[in-house]
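Engineer: What follows is a single structure, and I will ask about it in a moment.
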Amino acid sequence: MAEKSGVTGLDFEFVKTPAFPKPDFDKLENVGVPTTRYPAIKNAPLPADGSGSDTFNNYVLISILTIVPWWLSWKVGGGFKTTLFFAIIVDLPMLAAWWLTISAISPRKNEKVRLPNRGVEHYLEFKKEADRAKYRGTNKIPMETFYEMYFDGDVDFKGDCLEVMEQRHDWVSFRFTIGLIKFFLFGMMPEVIMHTRSQDEEQVRDHYDRGDDFYGWFLGPRMIYTSGIISDINREETLEELQDNKLTVVCEKIGLTKGDSMLDIGCGWGTLARFASEQYGANVTGVTLGRNQTAWGNSSMRKVGIPEEQSRIVCKDYRDIPVPVGGYKKITSLEMSEHVGIRHFSSFLKQVHDMLDDDGVFFLQYAGIRKAWQYEDLTWGLFMNKYIFPGADASTPLGWVVDKLEGTGFEIKHIDTIGVHYSATLWRWYRNWMDNRDKVEAKYGKRWFRIWEFFLAYSTIISRQGSATCFQITMVKNINSTHRIDGVETQFNLHGALDNCRADLQSWAAKNNVKTPSELL
């Protein structure tokens with residue numbers, strides 16, 4: 001089957017998501033705030049807040065960066081050029097010093113959550129005596145220092161990674177480090193400024209063409225790398241149920257009907273394209289830069305009898321998307337636009353607007369961040385940019401996205417925030433990953449396993465607590481001739497979309513809950 005389909009590396013199995021292990025630490029009673037007990041998610045045992053934007057003053061920082069070079073220039077009798085010279089020399093060191101100092105001395109946002117104060121050594125096992133002596137008791141280790149040491153094998157968790165990370169406020173500091181600032185200034189920012197086409201291609205293919213088994217070992221048989229949707233908070237739905245819920249929600253929110261021309265930008269392994277084609281009769285074009293994903297998506301559609309004339313996956317840059325006469329009736333983009341970058345975001349939206357039929361619908365699922373940030377959020381974001389999604393610099397607060405969408409000419413019909421749904425999805429991905437530990441380490445090494453272990457565990461927490469989140473935004477063109485009345489019956493929230501489901505999810509699940517990729521391809 002691998003030769004016939006053009007897909008390689010199918011000699012792996014999907015696992016059934018295992019139960020979460022018993023917590024390694026005694027249950028914390030009366031932590032100071034109410035906690036939840038829902039089966040659908042990994043409930044937070046210690047939901048503490050840290051310091052952040054409420055104690056950070058941009059005006060003071062800008063004043064320092066402006067006044068100090070001017071004062072130095074004045075002292076030597078210089079003018080504007082001399083001031084500019086001193087700014088080049090002293091502003092970066094002052095900026096770093098400011099970040100290091102303020103992030104270290106700022107108090108927690110509130111003290112509502114009572115920390116157990118067990119000491120760093122209760123949670124971490126350092127390999128070197130110097131580290132054991134340095135980080136113990138209340139002398140907490142900076143988060144960036146910790147994860148770099150963890151990836152290098154210089155420290156281990158005393159227990160399950162996710163469980164120890166849940167207690168992180170008791171053993172870690174979120175103050176900035178020299179390494180974090182260095183990466184931001186000289187690693188991330190140049191990419192944000194440049195963000196070239198070749199950079200996009202290199203980063204996407206390095207990430208997504210690593211190996212289908214690498215992703216299959218945590219994504220499961222749906223091979224969907226975006227948030228699922230919870231339909232019932234009082235039971236633990238499977239990962240596959242969460243993803244099937246999401247597929248349904250997308251198709252119902254856009255009012256998909258048989259024969260609709262649909263474009264899925266950043267389609268991944270093509271599961272949404274196949275679902276929309278098979279369950280709704282749509283004519284779908286999926287676009288991805290991943291070669292492995294292209295082969296997988298086309299093979300899976302041919303397997304179930306969807307002809308290429310109806311639907312296909314193409315391996316192209318989004319800037320080269322083929323457009324049919326009249327445009328696409330429905331356009332979807334799930335967690336791809338963040339990779340476009342801040343520099344190109346408006347031009348990307350303009351392109352989508354131009355490709356969309358005047359009475360069409362655009363659905364954007366967008367991973368964003370909160371505006372009232374905490375230092376933990378920034379530390380996590382820089383980790384993600386360095387190790388997981390390099391170049392995905394357009395993860396922003398909702399207001400920024402809405403402003404760009406409306407400025408491009410879209411009218412927003414509905415917005416749902418699905419961060420906690422993402423946490424539920426990540427929790428299941430994490431358990432799959434841990435269950436495949438031996439296989440991952442044997443093929444990709446312990447370092448790659450640890451990076452993804454940390455990513456999946458930490459992101460389960462981050463998306464649950466609001467540091468990062470995800471938005472579903474449904475839009476039409478904001479022009480006078482748009483038939484807005486046609487969209488009234490499909491102006492759904494999450495549960496409205498699920499209640500209106502026109503897909504045969506039972507049949508879909510029966511065909512797709514498989515043990516090996518070969519059964520799909």
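Any Cβ shown, glycine's included, is placed from N, Cα and C.
OK, Swiss-Prot features for this one:
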TRANSMEM  60-80  transmembrane segment
TRANSMEM  85-105  transmembrane segment
BINDING   225-226, 262-270, 288-293, 318-319  S-adenosyl-L-methionine binding site
Engineer: What residues in the same chain, six or more past the boundaries of the transmembrane segment (60-80), come closer than 8 Å to it by Cβ-Cβ distance?
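Structural biologist: For the transmembrane segment (60-80), the nonlocal Cβ contacts are 86-87, 89-91, 94-95, 98.
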Engineer: How about long-range neighbours of the transmembrane segment (85-105): same chain, 6 or more residues beyond its ends, C-beta under 8 Å?
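Structural biologist: Same-chain residues near the transmembrane segment (85-105) but 6 or more away: 51, 55-56, 61, 64-65, 68-69, 72-73, 78, 173-178, 181, 185, 375.
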Engineer: Counting only other Cβ atoms and using a 10 Å cut-off, which of the binding-site residues Y225, W269 scores lowest?
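Structural biologist: Looking at the binding-site residues Y225, W269, the Cβ with the fewest others within 10 Å is that of Y225.
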Engineer: Let me spell it out: for each of the binding-site residues (L263, G266, L289, N292, R319), count the other Cβ atoms within 10 Å of that residue's Cβ, using every protein chain shown. Which one has the most?
Structural biologist: L263
